[in-house]
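*Asks:* First the structure, which I've put down as structure tokens, then a few questions once you've had a look.
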Amino acid sequence: MDLFHNLAIGFATAAQPANLLYAFFGCLLGTLIGVLPGLGPLATIAMLLPITYALPPDAALIMLAGIYYGAQYGGSTTAIVVNLPGESSSVVTTIDGYQMAKQGRAGVALATAAIGSFFAGCVATLAIAALAGPLTATALLFGPKEFFALMILGLILASVLSSGPFIEGIGMVVLGMLLSLVGTDLNSGSQRFAFGVPQLFDGLDFVPLAMGIFGFAEIVKNLEQDDKLSLVTQKITNLFPTRDDFRRMVPAMLRGTTLGTLLGVLPGGGAVLSSFASYTLEKKLSRHPEQFGKGAIEGVAGPESANNAGAQTSFIPLLTLGVPSNVVMALMVGAMNIHNIHPGPEVMTKNPTLFWGLIASMWIGNLMLLVLNLPLVGLWVKLLTIPYRYLFPAIMVFCSIGVYSINSGTFEVYEAAVFCVFGYVLIKLQLPAAPLLLGLVLGPAIEENFRRAMVLSRGDVTALLTSPLSASLLAAAAIAVLLIMLPTIRARREEALQE
Amino acid sequence: MKGLAIRNQRAFACGALFLAFAIFFFVTALSYPAGTVARMGPGYFPRLLAIVLAAIGLVVILGAMKSSAEPQALRKWDLKGLAWVTGSVVLFGALLFPLGLIGALFVLIMVSSRASHEFTWIGALTNAAVLIALCLAVFVYGLGLQLPVWPSLFN
């Protein structure tokens with residue numbers, strides 16, 4: 001059994017005492033920062049990235065993954081206790097989770113989220129382990145045409161799934177791709193859009209950009225709003241769901257996990273889409289849809305399982321094809337590059353202990369979160385009482401040091417400042433930043449594969465459509481565009497992505 | 001006929017932003033050799049993308065002026081908050097080497113704190129003391145990141 005053999009290699013790596021410790025620190029730090037409202041997994045990973053610089057690659061990746069689902073998890077806690085989603089995938093959890101908290105069932109809601117996430121995490125880990133082999137084998141069949149088509153599909157889906165009008169999402173993707181052209185053209189070695197600035201010869205860095213937009217500009221936005229937190233004041237005592245709760249949450253968890261596992265693999269998908277889809281499904285299937293929005297436990301169990309499963313399976317396209325399916329995965333690419341690992345089909349064959357160790361650590365991390373979070377919930381809630389005026393300078397300090405330490409240079413700090421202003425413009429214009437960042441990350445690979453494909457076909461553009469694989473990927477992208485143009489689907493999407 | 005009115009200010013501004021970037025990239029890319037489809041030069045792909053972005057910008061602008069467009073005004077800007085936050089980051093970059101980490105962090109925290117309307121001197125000073133101590137402990141002594149701790153005068 002290959003699967004079990006591989007998992008055994010993975011657990012041997014992940015269970016080394018040092019790696020266990022890093023996984024633990026990652027989960028702890030991720031939860032700690034993820035709990036704070038307005039800081040999602042992306043900003044959390046970006047901020048904590050420098051902490052991993054000094055570590056060996058496998059430890060660094062294990063810790064980063066821990067930070068990722070720790071932050072994801074922390075978001076649910078805020079959603080339930082203060083009605084503020086810590087990040088976008090816990091938006092739906094606020095609907096019923098906060099209602100449960102108001103009814104004095106915050107403990108049960110938190111426990112439901114924890115158990116659901118853990119269960120989903122276990123299933124998703126197995127799914128990754130089972131799918132990694134076959135998908136990596138598929139990736140080896142991909143030529144430039146197929147990779148080009150796959151990435152186009154991913155970008156189209158990412159803009160379909162972002163908030164706001166579809167055309168504006170596509171515009172952001174293209175703008176991101178244009179920004180990715182800054183730097184040295186690999187084919188000819190000439191400089192493009194660098195204007196003689198040596199620091200730009202390597203291109204715009206992803207991390208300062210992400211921190212400027214998701215860290216600094218978010219702070220300006222948060223400061224504009226009146227920060228009145230509707231904290232649930234009663235003590236969180238009873239964590240145990242009743243027998244009736246169990247009866248209602250288990251099926252929801254199973255459905256949420258299945259949905260999340262499938263949707264997470266989709267390019268452009270991931271945690272956000274999964275949780276929305278699961279909520280809609282649970283409401284549809286329920287015999288008491290009127291209870292939704294008033295504290296239905298299915299409305300917490302389903303989406304929480306789905307977003308955790310989706311968050312984890314979104315590693316699949318990254319690890320097997322080297323294509324990040326969402327912005328957090330794009331940041332993971334940046335983090336891996338810093339440690340000299342280039343995600344793609346080669347990672348599994350060249351570096352099996354790292355690959356399987358990361359996967360095994362996901363399961364361990366999920367277990368740690370379960371143990372860590374339920375008893376410490378009181379502590380996390382206390383964190384929320386820190387006023388924002390003390391918090392945001394701390395975020396700025398960590399982001400600034402983080403940005404500086406990428407290259408030990410101040411150029412990146414100024415870059416982040418510029419993107420703070422740009423990010424603020426985007427917020428004011430309600431333009432989605434996620435497609436921009438994905439365009440930025442995928443841009444160079446798209447150009448390279450497109451140029452290579454055209455060299456191979458001697459300039460015949462129709463070659464993209466004569467290969468069955470690339471043709472079907474492009475057809476899927478075209479169908480997605482056509483579907484979104486249909487008025488009924490457009491209305492449904494606006495409803496679902498309403499924040 | 002009130003055909004050419006900007007009904008959706010927000011969308012109009014988005015379209016204008018796309019168009020401005022498209023023109024900038026296209027014009028700059030004109031100085032790079034384009035090559036042919038089979039052998040693309042460094043200028044080919046940027047021009048292609050810039051044209052796509054320009055087209056998208058135009059569609060968004062036209063959509064904002066359609067008589068059926070939903071009227072939407074631009075949101076209010078808080079330039080003061082933006083200036084405090086951005087300014088403190090720039091100052092951090094500029095002061096890190098002359099003042100060292102401790103001085104630069106102090107300036108960063110004090111200046112950025114001004115962005116909050118609940119700003120107090122005592123609060124900001126306390127916060128600065130705690131955060132500087134934490135950063136020294138974690139980044140400099142704990143992780144050993146290469147950061148200039150003291151002002152360059154002492155080196």
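Note that Cβ sites are derived from N, Cα and C of the backbone, with glycine treated the same way.
The following feature annotations were taken from TrEMBL:
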- A:20-438: domain 'DUF112' (DOMAIN)
- A:20-39: transmembrane segment (TRANSMEM)
- A:108-135: transmembrane segment (TRANSMEM)
- A:147-180: transmembrane segment (TRANSMEM)
- A:257-279: transmembrane segment (TRANSMEM)
- A:315-333: transmembrane segment (TRANSMEM)
- A:354-376: transmembrane segment (TRANSMEM)
- A:388-406: transmembrane segment (TRANSMEM)
- A:418-443: transmembrane segment (TRANSMEM)
- A:463-486: transmembrane segment (TRANSMEM)
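Looking at the shown structure, can you explain where the listed features end up?
*Replies:* Sequence-distant contacts of the transmembrane segment (A:108-135) (same chain, at least 6 residues past either end, Cβ-Cβ under 8 Å): 2-3, 6-7, 10, 69, 73, 76-77, 80-81, 93, 96-97, 100-101, 236, 238-242, 245, 249, 252-253, 256-257, 260-261, 264-265, 297, 300-302, 304-309, 312-313, 315-316, 319-321, 348, 355-356, 359-360, 362-363, 365-367, 369-370, 373-374, 377.
Distant neighbours of the transmembrane segment (A:147-180): 203-204, 266-269, 272-273, 317, 321, 323, 325-326, 430-447, 449-450, 453, 464, 469-471, 473-474, 476-477, 480-481, 484-485, 490, 493, 497, 499; these residues of the same chain sit at least 6 beyond its ends, with a Cβ under 8 Å from one of its Cβ atoms.
Outside the transmembrane segment (A:257-279), and at least 6 residues removed from its termini, the chain residues within Cβ reach (under 8 Å) are 72, 88-93, 95, 116, 119-120, 123-124, 127, 131, 150-151, 153-161, 299, 302-314, 316-317, 323, 325-326, 328-329, 438, 496-497.
Long-range Cβ contacts of the transmembrane segment (A:315-333) within its own chain (Cβ-Cβ under 8 Å, at least 6 residues beyond either end) map to 41-42, 45-46, 64-65, 68, 127-128, 131-132, 135-136, 138-139, 142, 147, 150-151, 154, 158, 206-207, 210, 264-272, 342-345, 347-348, 355, 358-359, 362, 434, 437-438, 440-442, 445.
Nonlocal intrachain contacts for the transmembrane segment (A:354-376), taken as residues 6+ away from its ends with a CB within less than 8 angstroms of a stretch CB, comprise 6-7, 9-15, 19-20, 23-24, 26-28, 31, 57-58, 61-62, 65-66, 69-70, 73, 77, 110-111, 114-115, 117-118, 121-122, 124-125, 128-129, 132, 239, 308, 312, 315, 319, 341, 347-348.
When Cβ-Cβ distances below 8 Å are used as the criterion, the transmembrane segment (A:388-406) is approached by residues 36, 39, 43, 46-50, 53, 205, 207-208, 211, 215-216, 219, 222-223, 227, 338, 412-413, 415-416 of the same chain, each at least six residues removed from its ends.
Counting same-chain residues at least six beyond the ends of the transmembrane segment (A:463-486), those with a Cβ under 8 angstroms from any Cβ of the stretch are 141-143, 145-146, 148-150, 152-153, 156-157, 160, 166, 453, 456-457, 493.
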*Asks:* Below 8 angstroms Cβ to Cβ, which residues of this chain, lying six or more residues outside the transmembrane segment (A:20-39), approach it?
*Replies:* 14, 47-48, 51, 55, 59-60, 62-75, 77-78, 82, 84-87, 218-219, 222, 229, 361, 364-365, 368-369, 372-373, 380, 383-384, 391, 395
*Asks:* Quick one: mean pLDDT on the domain 'DUF112' (A:20-438)?
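*Replies:* It averages 84.
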